[in-house]
Amino acid sequence: MSALSADLRVADRDVEVHFTVHPGETLALLGANGAGKSTVLAALAGLVRPEGTVRLADRVLSDTTDGTRGTWVPPHDRGMALLAQEARLFPHLTVRDNVAFGPRSRGGHVRRSKNQARDDAERWLAEVGMTAYGDRRPRALSGGQQQRVAIARALATEPQVLLVDEPLAALDVESAPEIRDLLRRVLASRTTILVTHEVLDAALLADRIAVLDAGRIVDSGETTRVLSRPRSDFGARFAGLNLVRGVAHGQALRMPDGRLLHGLTEVPIADGGRAAAVVAPSAVSVHLEAPHGSPRNTLDATIVELEPHGHVVRVRTDLLSADITAAAVAELGLTRGDRVVLSVKATEVHLHPA
Amino acid sequence: MIPRWLLLPAGLGALLVAVPIVAMALTVDWANFGALVTSDASTDALLLSLRTAAVSTLLCLLLGIPLAAVLARSSGAATTALRSLVLLPLVIPPVVGGIALLQAFGRRGVLGSTLEVLGLEIAFSTTAVVIAQTFVAMPFLVLSVEGALRTAGTRFEEVAATLGARPGTVFRRITVPLVLPGLASGTILAFARCLGEFGATITFAGSLQGTTRTLPLEIYLQRESDPRAAVALSLVLVAVAVLIIGLTRGRRDSLAEGTA
Amino acid sequence: MNVITQLLPSKSISYAVRTAAAACALLVLGACGASGAADTRSDANSTATQSSSSPAQERTLTVFAAASLQKPFEEIAESFEKAHPGVTVRFSFGGSSGLVAQLQEGAPADVLATANEPTMAKAVADSLVVETPTPFVSNTLQIVVPADNPAGIATLTDLTRADAKVVLCAPAVPCGAAANSVEKSAGIDIKPVSEEQSVTDVLGKVRSGEADAGLVYVTDVAGANTSSTGAEVKGIDFPEAKSAINIYPIAALKSAKDAGLADEFVAAITGADGQKVLRDAGFAAP
């Protein structure tokens, strides 16, 4: 059974999508700017009125197909919290009151008393590591701190579905990894729709990815599948990314077969902790035998497929994919089933907790 | 950096305002100032002015904030037409406003007979003063608040809605606090406009001590009989205005600090 | 300046230049004389001189007169101008007290005619007039009601009825003072719903039906109904009016540029022709 299913059209933005999200799952809507991702989120949240239907568990949130008047549940009654690109903390409230806003504002029996809401706020501030800032005004916080508070504020409403819109786009390079790590933790068991143009975010946070191009979903499936074997040219160009899972071992990832992939970590990962390495196909070189000099990583692999993508050919192997020119493919005489040696600089391998 | 030649017209502009005010302060009969401004007629007028301006400002808030919200959160030809209509009292002479009010609420006006049946007599009452003041002052409030609402945008309201807040809660806890600085300056501007209202009042409400003769009307009348008292009372009105401007500035500063 | 000249009608230019000139005067007053100001000032002066220069041989007589005198005075001035070629009579009509206040502030005028004697007495006390003022007409109060007289007013005592909305002039202005003395001598107390600034305002409130009755001068009622709008108000005489007969005095002023001409105008008003025009307008002999 699905937690959320949507079959919606927003005519004036030329967006028409159909997808479902399972309970506890994170679905990433991945696409370039202007692909219609935010429109989809706004339609789900009830901030714009789409045609078609949106269902949350057994509730119909909006439906224009069930008769002349249709069904429409207003934003405040949907049980969906929206986490936007900018934190959008209410400037006139303290950090604590921002987080307590949701619990205090809900209608009916779920509405919390002032003290309960305050307790909720403290709990969620602790969860995002912002306990010390409860009495501050949002303006006194850094971008990363504001985004932490925004996450706490959204979660404090205990939403059935969390809508996340480019949560790291407005952050500087230093705070982005921390917030990504925080999101990874809090999204783990929550039904979430994450909108992003950043392949890395989708790779690390999502269980499934739907690739959005010009208002249509052109590919969707398991995160690893969409990233490693994209079914559309657009997806391949846009979403091509090597994602290798394993456990942390110093400044390297131990792959399931025991080999090490050396790289750089942005946030500390404990040895033995679950981790993922992300490598762009353009950073991987293909050799017939082990190259001279020593790139940190040289790994034996077998070619599975050769796929032309525009000016490059993607060489898919049983380990990593590599993007090389057609001329190089011809020069090396590569065919399916060939044994090759792949090399990647350690600086091109990004290690993340997973 | 501003070009230097701007300083000359800027200085002239400032002097055009400053010199008459200073001149008035210089020519006022200070020896009898107390007696001139504390006569029964003068205190009645001042109290009536403060009382009616307070009530009118409250009315401006009650009617103006919703109007501003409607104008700020909608668009299209109907909105444009509504905005032009609401702002009309800004651009028509107050005396014209008074005549218009007379045609509507006067005894022989369009609504006059209906109101009379209901037992509401507006002509020559303090109510008429309040209606006239609200009529001329509301656009100031609507303008300030609508501007503040448009600047604030809908981003915070949308977030509040997805956090589970009903429209009423959003308006009370998010929208209104966010536009508070604009609301404060709009309120003070409206109050000042109410205090200074003359043309519509004298046309629509008449002039009777303690009932409809506000401070500007009293000043105008005193000009006939005792010009010294008129100057002294004018100075009182200037002092009240200066106080209001100071209040606006102090209020803005404290609000700016509060949100900083 | 050229661009502005093309864009604005000449009258606006003249206003703009005069305002600029006033602003420059302020600048000098403020002892902020800047180098740039000199140009603007000479500009402004030359234009001001141009606009005020009229054909040199003509003479202008400025008359300050009570508002109620407007119609008959304009008529008399027309024949006065015919009898004195080259003479232009300019009027400033207004509340008598206001006119005297302007004269005290130094407004240039040749002749003053007020709507009552106490106001003229102020001008005399300030030595503004040449000789003892001459009373030239009198005026009495009349009850004015809307043409349909909705409150059924017939006598002065009717004005004290609680259901009658009565407007008077404020006691500070002559017509209000007159109403006061009528009340006193009749031994009644009228509770007005409004005390207006002038007879015109009282007439306006009655004419529009906002008020049921008012007390104004006979001449005001006559003036209101000779207009093209027809009989909108009705005048009701009452015997108590005799106790407050208002005498209008006229006098030549010391500030007169042409004392002879000012005297001649006073004579035209007090003479037989002038008196006939005033009588036709409803005024009585002094």
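Heads up, the Cβ atoms here are built off N, Cα and C, so glycines get one too.
Annotated features in TrEMBL:
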type    : residues                             : note
BINDING : C:Ser68, C:Ser96, C:Val199, C:Tyr217 : molybdate binding site
SIGNAL  : C:1-37                               : signal peptide
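The structure, with features from TrEMBL marked on it.
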residue  : record                 : DSSP (3 states)
C:Ser68  : molybdate binding site : helix
C:Ser96  : molybdate binding site : helix
C:Val199 : molybdate binding site : helix
C:Tyr217 : molybdate binding site : strand
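Sequence-distant contacts of C:Tyr217 (molybdate binding site), defined by Cβ-Cβ distance under 8 angstroms and a gap of at least six in the same chain, are C:Ser68, C:Asn139, C:Thr140, C:Leu141, C:Gln142, C:Cys175, C:Val199, C:Asn246, C:Gly282. Under a cutoff of 8 A between CB atoms, and with a sequence separation of 6+ in the same chain, the neighbours of C:Ser96 (molybdate binding site) are C:Ala66, C:Thr114, C:Ala115, C:Asn116, C:Thr119, C:Met120, C:Pro174. Taking every pair among C:Ser68, C:Ser96, C:Val199, C:Tyr217, the residues recorded as binding molybdate, the greatest CA to CA distance is 15 Å. In the shown protein chains, 31 other C-beta atoms lie within 10 A of the C-beta of C:Ser68 (molybdate binding site). Other Cβ atoms within 10 Å of the Cβ of C:Val199 (molybdate binding site) number 29 in total over all chains. Taking the mean position of the Cβ atoms of C:Ser68, C:Ser96, C:Val199, C:Tyr217 as the molybdate site, the remaining residues of that chain whose Cβ falls within 8 Å of it are C:Ala66, C:Ala67, C:Ala115, C:Asn139, C:Pro174, C:Cys175, C:Ser198, C:Val216, C:Thr219, C:Asp220, C:Asn246.
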